[in-house]
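A.B. asks: The structure that follows is given in the form of structure tokens.
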């Protein structure tokens, strides 16, 4: 996984990548002669959401913080369930229909702990990790950005209108990077009164 950012610590592996996810690679990261069970969860982009056709999902993240959050979740779950190992990788960028956006693998001496830990890792990741997704709908629907958690309320994105009207701050328009991942450190405010 060439363009991955990863953290590895005490039987925990976490990563963010723009590449395709490989389930076998992730299973091998937790494989051990001490483990009697390996559980794999693969979150896959489906073709609909709320009765609307989905074209693709796009994910963005505050990567340094997201990696730390993922590692913290993995370490907590590793100890809580007495796991052998745990690994979690989240894909960023465009994830087409039928492709995985997240893989979580856990290994344990016994299957019950592995099942419980895998589900808990997923729920914690969706609740706490700094990853956001844009659901791109087919037809005239456009897209909606939302937190990467079940039931999160999204904000409709109209690409044409978004480009036409800048957000207004107290000192004038706020200029933002034009696409996720573009360089920039938050909104830039141009003060028209100061001529900057």
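Glycine too: its Cβ is placed from the backbone N, Cα and C atoms.
Annotation source Swiss-Prot lists substrate binding site at 110, 111, 126, 133, 134, 135. If you look up Swiss-Prot, you'll see 147-168 marked as compositional bias 'Basic and acidic residues'. For 142-196, the entry in Swiss-Prot reads region 'Disordered'.
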A.B. asks: Would you work out the biggest C-alpha to C-alpha distance among 110, 111, 126, 133, 134, 135, the residues that bind substrate according to the record, and give it in angstrom as a whole number?
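C.D. replies: Per the listed residues, the maximum Cα distance equals 37 Å.
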A.B. asks: What is the one among the binding-site residues 110, 111, 126, 133, 134 whose Cβ has the most other Cβ atoms less than or equal to 10 Å away?
C.D. replies: 133
A.B. asks: According to DSSP, which of helix, strand or coil covers residue 110 (substrate binding site)?
C.D. replies: coil
A.B. asks: If you draw a 10 Å sphere on the Cβ of residue 135 (substrate binding site), how many other Cβ atoms land inside?
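C.D. replies: 21, counting other Cβ atoms within 10 Å of residue 135 (substrate binding site).
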